[in-house]
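Notes follow the structure.
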Amino acid sequence: MRNGVKSNQSRRGFLKATVLLALGAQFLQACRTKVNHIFLQLTGTNHILGHRLRFPDFPASTEVIEVPILIVGGGIAGLSAAYRLQQKGYSDFILLDLEDEVGGNARNGQNAHSAYPLGAHYLPIPNASNRELLQFLEESGIIKEWTSTGKPIFDEEQLSFAPHERLFIHNVWQEGIVPSYGISDAESAELARFFRQMQDFKKLKGADGKYVFDIPMRNASQTHDRTVLDGQDMLSWLKSQGYHTEALLEYVNYCCRDDYGTGIKCTSAFAGIHYFASRKHDWDDYQDLVLTWQEGNGRLASHLKKYVKGKVLNKNMAFRIDFKAEKVEVSVYDVAKAITKVIKADRIINCCPQFVNQYLLPNRTSITREFHYAPWIVATIVLRRFPFADGVPLSWENIIYKGHGLGYVYDQHQSLKQFNSPFVISYYHSLGDGDLKQNRKQLFAWTDQQWKSFILTDLEKAHYGIEKEIISMEIFRHGHGMISPVKGFLTSQARTELAKSIGDKVYFAHSDLSGISIFEEAFYQGLDAVDQLIADLS
Amino acid sequence: MGKRNNLPIFLLLAVFIIATCGLIYELVAGALASYLLGDSVKQFSFIIGTYLFSMGVGSFLAKYITKNLFDRFIDIELMIGLIGGCSSVVLFLMFQQIEHFQFVLYFFVFLTGCLCGMEIPLLMNILKDRIQFRDLVSNVFAFDYIGALIASVLFPILLIPKLGVMGTSLFFGIINILVGVFLSFYLSKKLKNPIWIKMKSVSCLVLLSIVFFYSDDLLKYSESQLYGNNIIYKHSTPYQRIVLTENRGDYQLFLNNNLQFNTKDEYRYHEVLVHPAMSMAKDISNVLVFGGGDGLAVREILKYPEVKKVTLVDLDEGMTRLFKTNELLVRYNQGSLNDPRVTVINQDAFIWAKSAKDKYDVMIIDFPDPSNYSLGKLFTNSFYQTLAALMTDNTMVSVQTTSPYFAPKSYWCIHETIGSVFPNNIAYHTYVPSFGEWGFCLFSMNMQQRFTQLRRRVDKVRYYNYKFEELTNFPADMRTTEKVEINRLDNQILVRYFDEEWGKI
């Protein structure tokens with residue numbers, strides 16, 4: 001017994017010592033790691049105002065404005081329509097936009113260290129057939145001159161700088177985003193076969209002599225039957241072609257998520273192939289290069305803004321379109337003044353997405369259900385430095401293989417300055433895993449802390465310890481980030497139906513009517529609507 | 001009662017921990033050797049061999065320990081913890097200091113191996129009366145090998161990425177010592193000299209914890225030893241780490257660990273960079289210098305009395321301030337940056353050049369080598385195009401363009417890139433002992449400008465003799481047969497060439 005007591009005492013002493021030591025170690029640890037306070041901000045498109053469209057309880061109108069042409073919506077389609085109107089000599093128009101700034105998905109932000117995109121961030125070298133777009137690029141100083149053989153010379157400061165892209169795979173940053181580091185022979189053989197097949201699709205022409213895959217979509221062959229490819233999802237098509245390896249499926253899935261917001265399980269096979277086959281790379285010098293800026297496509301939007309100077313009504317939301325005699329009357333809610341006004345126009349160019357138009361015009365709700373929009377987040381992260389990672393250095397696009405998100409863009413990459421702390425990156429993520437409505441709920445339900453830990457978990461895979469380097473994080477939410485060309489959508493009646501103009505009064509232009517959310521589609525949507533309007537006038 | 005039953009289990013757990021720690025020390029030594037000495041296959045193989053051999057020696061020696069087994073066992077525990085735990089710290093620090101590093105390394109490996117080798121036989125001796133021999137042997141070895149597996153899996157996946165080599169060995173040293181501490185309290189009654197053992201184990205624990213706590217600082221210190229010479233000044237600016245060292249009356253300046261100049265022969269470099277352009281330009285009253293925050297190029301420029309104005313554009317204010325104020329350094333640049341004719345502008349060169357309005361008669365471009373994509377921008381055709389706006393028809397420009405001997409592709413790539421913008425140019429080179437063969441390029445917008453016409457000269461030149469043609473002859477080993485591409489912002493091919501060529505050295 002005596003022994004027992006004594007041993008208990010010494011055991012107690014030992015336990016005490018252990019506890020004290022453990023506490024001491026904790027304390028030392030706490031002294032070593034400084035708590036890093038990340039400045040968090042949750043922003044996004046004005047969805048609260050937008051949601052009022054569903055239950056319109058706006059005040060009675062107290063102001064009337066008359067204008068010959070009204071553009072509703074200041075995204076790239078609307079701005080391009082304005083550009084075309086000015087080009088054709090029509091300068092008497094107004095443009096409405098519900099946000100503080102025009103630009104739509106091409107808007108950008110600016111902090112003390114860099115400009116940064118809030119959505120779209122680059123424009124690939126256009127196809128040679130896109131004469132109007134190339135002309136716009138020339139007017140904007142992006143194309144400097146043309147060679148005697150008709151080749152454009154792009155301003156090198158606006159082409160993406162090297163190193164362009166890297167992929168974090170098997171714990172190493174490899175160059176380029178096509179998986180190559182540590183993949184099996186079977187995988188690389190499949191990737192090579194896939195790219196050969198895409199080359200064939202690139203050259204494929206329909207009976208009318210036009211490319212089957214082209215940009216804008218309206219230039220593509222109309223005789224070729226798209227229904228076979230559009231009627232199946234990309235994953236089924238890949239499997240039917242004998243593609244099974246992880247590297248290939250991951251890569252194609254990434255590309256579909258990046259361009260359409262939805263992965264290969266939901267994206268139509270036609271759209272999936274379109275990504276690889278629609279860009280013709282007509283000029284060897286510019287193979288695979290893209291035009292990009294620190295502010296992303298905000299640069300393109302700012303060039304287009306010149307054509308709407310003094311004609312924009314910001315924070316003005318159209319909520320109803322009525323036809324009265326020879327005029328179209330658009331009821332508009334002015335957020336700043338909290339009043340409703342009526343704009344009487346001879347003609348309107350409606351550049352709103354269709355999920356908005358269903359509230360402005362009657363009988364469109366059921367058909368609009370066929371339009372699927374993927375929600376997105378773009379997080380602007382300011383950090384002191386990147387934790388060490390093996391492989392190629394920081395590039396413009398940085399993608400994590402099998403990551404949750406779509407990787408990040410180094411925003412200061414296009415700066416001519418020396419790279420230096422703090423670094424600004426834009427992290428992209430599309431929530432398109434099938435049930436887009438559910439995804440959208442999650443987008444708005446999650447708190448800033450939830451989004452922060454989601455993003456950090458993803459980034460930590462490639463940059464262990466990044467959290468303590470982060471200064472701030474702005475998470476910009478797009479409820480309807482982009483139209484998703486899900487199975488069957490590109491060949492659906494819904495798209496052509498909603499694109500039809502209403503008499504010679506309302507013309508529609510938006511990239512969702514093309515089915516593919518890229519700058520070129522929106523640009524040509526705007527141009528085409530104006531061209532049709534002018535044709536109807538004469 | 002319970003205590004006696006538990007003892008074997010605790011001791012077997014100790015075996016398990018000991019085995020884990022033992023293997024960790026071995027892996028740490030292997031990793032350290034391959035970091036510091038290179039050739040990882042050879043180093044790992046030698047280390048493992050030595051370690052296993054010394055474990056054998058340890059096992060053999062264990063039979064001479066016959067008395068106070070518990071006391072000795074704890075002693076060994078503490079010694080392993082201390083020696084194994086501190087091994088990486090000591091080796092890191094000594095790497096710079098001593099000539100026979102390999103000897104010290106293998107000595108440490110032998111010592112840890114030997115001590116680890118003693119543990120198991122000693123333990124089996126302790127346990128031999130408490131467990132049946134059959135059980136004893138299987139249990140001890142089972143725990144031993146499990147520990148080894150866990151160590152070898154954890155080491156590359158978790159420990160090295162999270163703790164680093166130094167942290168890992170210290171961490172496991174602490175674990176080793178904790179085993180000792182635990183046993184010294186737990187077996188208190190069985191010990192010959194319990195108080196002494198307890199004191200030893202706790203002080204070992206405190207000691208190692210302190211080293212662990214400061215391991216980051218130690219690492220920094222050990223890295224600062226890399227320069228070999230006496231460090232007389234260290235300073236980190238937002239852009240670079242400036243280190244000034246002294247060796248037998250000469251001074252060396254390192255920027256981010258790259259030698260920038262050695263006072264012994266820097267005059268060769270700076271004279272050849274500056275005087276050809278200065279002696280051939282039509283006018284030299286307004287001179288622009290890019291980079292060169294050390295003021296040494298400006299010192300050469302100011303030797304010409306016609307110079308009225310010098311503008312120096314250097315990104316790093318920390319650097320120019322140092323060379324304006326530090327007495328020792330001002331002696332070397334002869335106060336050039338404090339001269340009333342000199343204006344220092346701390347801005348990003350590319351951005352500054354795009355907005356500059358003035359025209360310059362001579363430009364001296366002395367950027368650091370294009371070792372990364374950030375610096376690579378300053379060697380692109382876009383940058384040289386930007387310069388055109390700052391030049392008159394008669395402006396002479398000279399550029400440092402890395403070594404045509406060590407990096408011929410890089411050298412001729414810069415030359416071709418300059419040629420794509422300014423076709424009238426000439427490559428030249430000279431020998432700087434601290435650097436080796438070093439290359440430059442001289443160019444002008446004026447197609448009629450020849451690079452032979454000497455318009456002026458000064459006497460206070462030690463190396464350059466104004467016979468420019470002597471510097472323009474390139475033997476075959478400083479040329480490249482491969483076709484080099486033009487360095488553009490969208491390909492940054494120069495950084496690849498540079499990495500490829502200097503990476504080999």
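In case you wondered, yes, glycine gets a Cβ from its N, Cα and C as well.
According to TrEMBL:
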TRANSMEM  B:7-38  transmembrane segment
TRANSMEM  B:44-66  transmembrane segment
TRANSMEM  B:78-98  transmembrane segment
TRANSMEM  B:104-124  transmembrane segment
TRANSMEM  B:136-159  transmembrane segment
TRANSMEM  B:165-187  transmembrane segment
TRANSMEM  B:199-215  transmembrane segment
DOMAIN    B:210-445  domain 'PABS'
BINDING   B:Gln240, B:Asp314, B:Asp348, B:Ala349  S-methyl-5'-thioadenosine binding site
BINDING   B:His270, B:Asp294  spermidine binding site
Binding-site residues among B:Gln240, B:Asp294, B:Asp314, B:Asp348 whose Cβ lies under 8 Å from any chain A Cβ: B:Asp348
Two-stretch contact, the transmembrane segment (B:136-159) and the transmembrane segment (B:78-98), at least three Cβ pairs under 8 Å: no
Cβ-Cβ neighbours of B:Asp294 (spermidine binding site) (radius 10 Å): 26
Cβ atoms near B:Ala349 (S-methyl-5'-thioadenosine binding site) (within 10 Å, other residues, all chains): 23
Cα distance (Å, whole number) from B:Asp294 (spermidine binding site) to B:Gln240 (S-methyl-5'-thioadenosine binding site): 14
Rounded Cα separation (Å) that holds between B:Ala349 (S-methyl-5'-thioadenosine binding site) and B:Asp294 (spermidine binding site): 16
Among the ranges B:7-38, B:44-66, B:78-98, B:165-187, the one whose Cβ pairs under 8 Å to the transmembrane segment (B:104-124) are most numerous: B:44-66
Residue pair B:His270 (spermidine binding site), B:Asp348 (S-methyl-5'-thioadenosine binding site) - Cα distance, angstrom, rounded: 22
Number of Cβ atoms other than its own within 10 Å, given for B:His270 (spermidine binding site): 27
Top Cβ-contact partner of the transmembrane segment (B:7-38) among B:44-66, B:78-98, B:165-187 (pairs under 8 Å): B:165-187
Folded-back contacts onto the transmembrane segment (B:78-98), same chain, C-beta under 8 angstroms, at least six residues removed: 18, 21-22, 24-25, 28-29, 32, 36, 104-105, 108, 111-112, 115-116, 119, 165-166, 168-177, 179-180, 200-201, 204, 207-208, 211, 215, 218-219, 221-222, 225-226, 228
Largest inter-residue Cα distance among B:Gln240, B:Asp314, B:Asp348, B:Ala349 [record-listed S-methyl-5'-thioadenosine binders, Å]: 16
Chain residues outside the transmembrane segment (B:44-66) and at least six past its termini with a C-beta under 8 angstroms from it: 22, 25-26, 29-30, 33-34, 72, 106, 109-122, 125
Neighbour-count leader, CB within 10 A, binding-site residues: B:Asp314, B:Asp348: B:Asp314
Mean of the pLDDT scores, which run from 0 to 100, over the domain 'PABS' (B:210-445): 90
Alpha-carbon distance [B:Asp294 (spermidine binding site); B:Asp314 (S-methyl-5'-thioadenosine binding site)] in Å: 9
Cα distance (Å, whole number) from B:Asp348 (S-methyl-5'-thioadenosine binding site) to B:Asp294 (spermidine binding site): 16
